[in-house]
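Enquirer: Starting off with a structure, shown below.
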Amino acid sequence: HKTSTRNQSKHHSGSKGADPRSRYERLWGCSAHTPLHRLLAPLTSTLPGNHGGEKQKTDREESEVACSLTGVKVIFLPFHSCSGWISALVSCSLSVTVFITHTLLLCLLALGSRISPPVIRYHLSQLFENDRHFSHLSNLEKEMAFRTEMGLYYSYYKTIIEAPSFLNGLHMVMNDNLTEYPLVINTLKRFNLYPEVVLASWYRMYTGVMGYFGIPTKMCWSINRGEGLTPVDSCEGMGDPAYFYVACVFLLNGLMMSLFCGYGAYLSGSRLGGIITTLCFFFNHGESTRVMWTPPLRESFAYPFLVLQMLLLTYILRTRNLSRTAMVALGISNLCFMLPWQFAQFVLLTQVASLFASYILGYLAAAKMQSILVTHMITLGVCFILMFGNSMLLTSFYASSLVSIWFCVPVSLPMFASFFLLQVMQGLAWVGSTVLLKFLLSTILGASDDAHISGLIKSKFTSYNDFHTLMYTCAAEFDFMELETPLRYLKTLLLPINVLLYFLCAFLSVLIRSVEHVCLQLVYHSLQLVAFAVLAILIMRLKLFLTPHMCIMASLICSRQLFSWIGEKFKHQVTVVVIMAIMAVQGVANLQAQWAIIGEFSNLPQEELLDWIQDNTRPNAVFAGAMPTMASVKLSTGRPIVNHPHYEDAGLRDRTKLVYSMYSRMSGETVKKNLMKLGVDFFVLEDSWCTRRTRPGCSMPEIWDIEDPQNVGKIPLCTHMSRNSRPHFTTVFSNDIYKVLKVPKVTKDLR
């Protein structure tokens, strides 16, 4: 069980016995440490040079692992009579066999067994619990654990479940005056909040039904935090709003693994391919997803539907006769992917580009290409309506690309023109018309919300920088991919396997071009891999698309169509098992490193800040400050804020720039006027934002030097404010991290 500075003796209604984590032992009938990392212990303990595992056993000893989860007793034979790598290989093969058995079981159970949801989400929920000790946090601490935009999204879920009725809560989020005070905005339109709306409705129904039948839905205890801190109440169970929220996210992503398993099996034509895909995902789990650390982020809800959409697209590309049912299913999955996430359009742009390239190369028929385009267009239109006319959808490169390709597909050159010339002209026509149409629509509709995307792309290829671009590129996740990422791919063999498969697909697609459906799916997935690789190299955060797709592509090592030259089927399967055994050496080490992460969330300075705001300010007091902190202020205190972390709106970016002038070298009087114009009552100053520097040129004063060159060399205003806030502001609260400055009221002259 996890070690913690907290007293783990919780008390229910004044008293309680065992630690609630024992529920896992009661549920599975085995120890809380019996998961796969224990079943795989012989893998690392018997490798040459590894002395950190359990004590080695004699030749006649057997290590038995039994768990009622599978009802199967697994016996490991160390084979110490052999020596060196022979022993390691045998032990490795046995361990991989056990791991494969469990992974395959999870995939099959995910299709509908009653035990599958807790089994599959166990891995994610345990990583999340180990990292934050979430089950022992108070309600306030749970909310603080949702940092930056996570807290902003969760606040609307909280608004709906605490409203007198669901419709009343929905009206509140669609007519919100707290997020960008004094503006009233439709947050459902702006922030892609359909997941929160759905989860809030489910939570209200669940608690309502359970309450009607008198069934308890949560257990609450008093937690002794020690160190002279006051005890806090902590609740656990599906009746707790935060617990319900993260449990649904983990369940959705757990069910996604069944899609992954099926996707790999379908693409490769072998059930072993599904196991390979699942193994690769777990072996590269840290590079494949971050849902276990950041559940409320938009990709946590959207990506499972992208997997479903790509699986359906693969089916459509493989079949000769188009099915209306398949096209409708493709459209619905497309819609479910677009609604929760504002960046889905960029992923779909790469998909459409890959399909168009397949068409240009002559693998995809024009009729099928146009049918897929129509499905995308209809989905985009429906999404535009459901998002209340969000202009970013119509002015996106994705929308322009759909229109451009629609007109490019029927284009044909005279008979004397070469096929290569046709390919080049269609490609250039698509690129040129897409860019032209995008900027034309943006000009006509007066939309500039995605202008920062163009600036971000421009900064990747030139020396261009501005305030908003640096706000992105100075964050590590929006920088270029780090060198360590491909090295980690290399250690688990994911990169070598994909390189081999890519060139093999390119070679065989020429040789077996006559088999249309076979070539098409290989060509499309290879092109999609290249597109995801380009995105990931430019923006490291987008490797969350590259890594899973590499895992899906890895399933093709089980394809008899690609590897029939190896020989008979048995020899091919043995080769695959050997590759899996080699992958498992580093893969299991990666899993063990994740399982070894033990932490506990605590942020006492912010807790003091939020408690002070709750007790000492009016409910309508307006706050400004760093975007992550403002999300916490809105979530936990309900106070109006003027800026927040959702940076995809032109107006919000301008407001944030005014607020962040506190970290510039401007005069105090200028900054005070900026805040007074926004109607701010209190500014939350953080010294770390004044001094933090992720790399040269990325501290807030240095970012401001680009926008405000005339004040370069002066001492930043935030440095003055940390010492003495007068005469421009008044300090009303301070601790080691935060200082709250009271902003003077607007005078008649300023009005």
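Heads up, the Cβ atoms here are built off N, Cα and C, so glycines get one too.
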Enquirer: Of the ranges 203-221, 545-563, which one does TrEMBL list as transmembrane segment?
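Expert: Range annotated as transmembrane segment by TrEMBL: 545-563.
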Enquirer: Where among 301-318, 349-366, 493-512, 545-563, 575-597 do we find the most Cβ pairs under 8 Å to the transmembrane segment (519-539)?
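Expert: Highest pair count goes to 349-366.
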Enquirer: Find the member of 242-266, 301-318, 429-448, 493-512 that has more C-beta pairs under 8 Å to the transmembrane segment (378-398) than any other listed stretch.
Expert: 429-448
Enquirer: Please give the sequence-distant neighbours of the transmembrane segment (429-448): residues at least 6 beyond its ends with Cβ less than 8 Å from one of its Cβ atoms.
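Expert: Residues 356, 391-392, 394-397, 399-401, 403-405, 407-408, 411, 650.
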Enquirer: Using a Cβ distance cut-off of under 8 Å, indicate which of 301-318, 349-366, 493-512 has the most pairs with the transmembrane segment (242-266).
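Expert: Ranked by Cβ pairs under 8 Å, first place goes to 301-318.
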